[in-house]
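For reference, the structure is listed below as structure tokens.
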């Protein structure tokens, strides 16, 4: 059974049709590359899966059960984690505070609960070690490099037992060595049976790590193919519209 | 090459001491202490218990409101209404007690007024999306006008059956000869400091100021937090109003005029950044203390009181300039 199944999903903002009748499904442990030009509807689609927007039409199913999300918190509760394109970091907070933002560890009884700094530093440190990232939980994010910031954003997805991780352009603004690290991390997630949706402009990354590629153009899905059965040339053609649509 | 990944992760880039030394609040605190030491030697009247009693008590009204203001400023907002809200809350207290009700009823009415005003600010700012500057500017005008309406623009100086209780509340010194307002200020400062450092609410206040969009994306209840923050700000003005009423023993409709600027000055001198994301409870107190020490010392040193504004304005510029220079050095 598919871990996530989208059926005839559409989203419009007023007169603008951002996503138009898109259907696809993802299996556990599968890496799906989601590609398309700017404004193709990738981010809107992902934001619906993440609970930021609700679809205008269509249904989402998770493990066969209908999935209705009104808030990002609800998506998380269902095991959907997202790494936002702008990483959604607060520069004035420490790495650990950012990792735990919105789900802080607290100790105490009833309403008298205080932040458990020690536990959060420790857990964040463990996650950074797992990610093989030289990121210090106690340092302010303001002082960090692009790769470290990426690690902080990715570390958030490791707090819970995620079923699906959505990554919005995770390799857009980091160095070559760090790209390799992020791709390794994606494989690491896949090996644990987590489904990964990788939104990317970078053809090599998608062809390196993804099992399947979905191409969107002007709000519609124009391709959904195994990576092995496709080629960068074909995908480029689909993105630009030189190739209209493939099965 | 002996440094492992784990060691790197466990390490912290800046030590605790270095962090403290690089904070604006610390240097302002040093300035306050140096000024106090200087004044103790330069004048005979500074280090007297009477003068210190006066200074500490005078600090409190600005400092208490600066605590609330600091929370608002950390979220990236501003509250210009505090002076007028203080006046309205004092007046509500005065009018209710003058009508013969007990001090408890008077205080409850006063606090309720403050909370309602704060809730209105919060809803208009967080849910309707109006700029905090505009909303609180409107209340700056409205609250003082309502205070005039409530009192018929008269001076209230008789507070009914609990008159003496009210005066003791604000003017007494129940603990070790320390003025009551100072005790309230210390308690509220500790409470604010605790909330900012140790609670999830405090963490979210910083997160909203640092990156509101990120806070929304990570599921922080941004709107509710903002409403709470503006309620706390108005509440702090209300509390200061109640205490000040007890201390002065009379209320006119022009108390707290221009107070909002002093309060914002205290918060900014203490290290709160108007761009949001930065500020502490200690900073609010230290900022208010610096302003009061400047005010007090000018009088003691025999400098014309007309110069006060220049010195306080200079302190604002100097504190922020100092911080800028320090950051330039860091980035180089």
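Cβ atoms are placed via backbone N, Cα and C, with glycine included.
Bear in mind that TrEMBL entries carry predicted annotations, made automatically and left uncurated.
Just so it is clear, the model here is predicted, and its values are computed rather than measured.
Listed features, source TrEMBL:
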TRANSMEM  B:25-43  transmembrane segment
TRANSMEM  B:55-74  transmembrane segment
TRANSMEM  B:80-100  transmembrane segment
TRANSMEM  B:107-128  transmembrane segment
TRANSMEM  B:134-159  transmembrane segment
TRANSMEM  B:166-196  transmembrane segment
TRANSMEM  B:227-251  transmembrane segment
TRANSMEM  B:263-291  transmembrane segment
TRANSMEM  B:297-322  transmembrane segment
The transmembrane segment (B:227-251) in contact with the transmembrane segment (B:80-100), cutoff 8 A, at least 3 CB pairs, sep 6+: yes
Folded-back contacts onto the transmembrane segment (B:80-100), same chain, C-beta under 8 angstroms, at least six residues removed: 61, 65, 68-69, 106-107, 109-111, 113-114, 117, 121, 133, 136-137, 139-144, 146-147, 150-151, 156, 158-163, 166, 233-234, 236-238, 240-242, 244-245, 251, 253-260, 263
Distant-in-sequence neighbours of the transmembrane segment (B:134-159), which means Cβ under 8 A and at least six residues beyond its ends: 78-81, 83-85, 87-88, 90-92, 94-95, 97-98, 103, 106, 117, 120-121, 124-125, 166-167, 249-253, 257, 260
Stretch in B:55-74, B:166-196, B:297-322 most in contact with the transmembrane segment (B:263-291), if contact is a CB pair under 8 A: B:55-74
Remote residues contacting the transmembrane segment (B:55-74) - C-beta distance under 8 A, at least 6 residues beyond either end: 82, 86, 132, 178-179, 181-182, 184-185, 188-189, 192, 196, 205-206, 208-209, 229-230, 232-237, 239-240, 243-244, 247, 259, 262-264, 266-268, 270, 272-274, 276-281, 283-285, 287-289, 291-293, 295-296
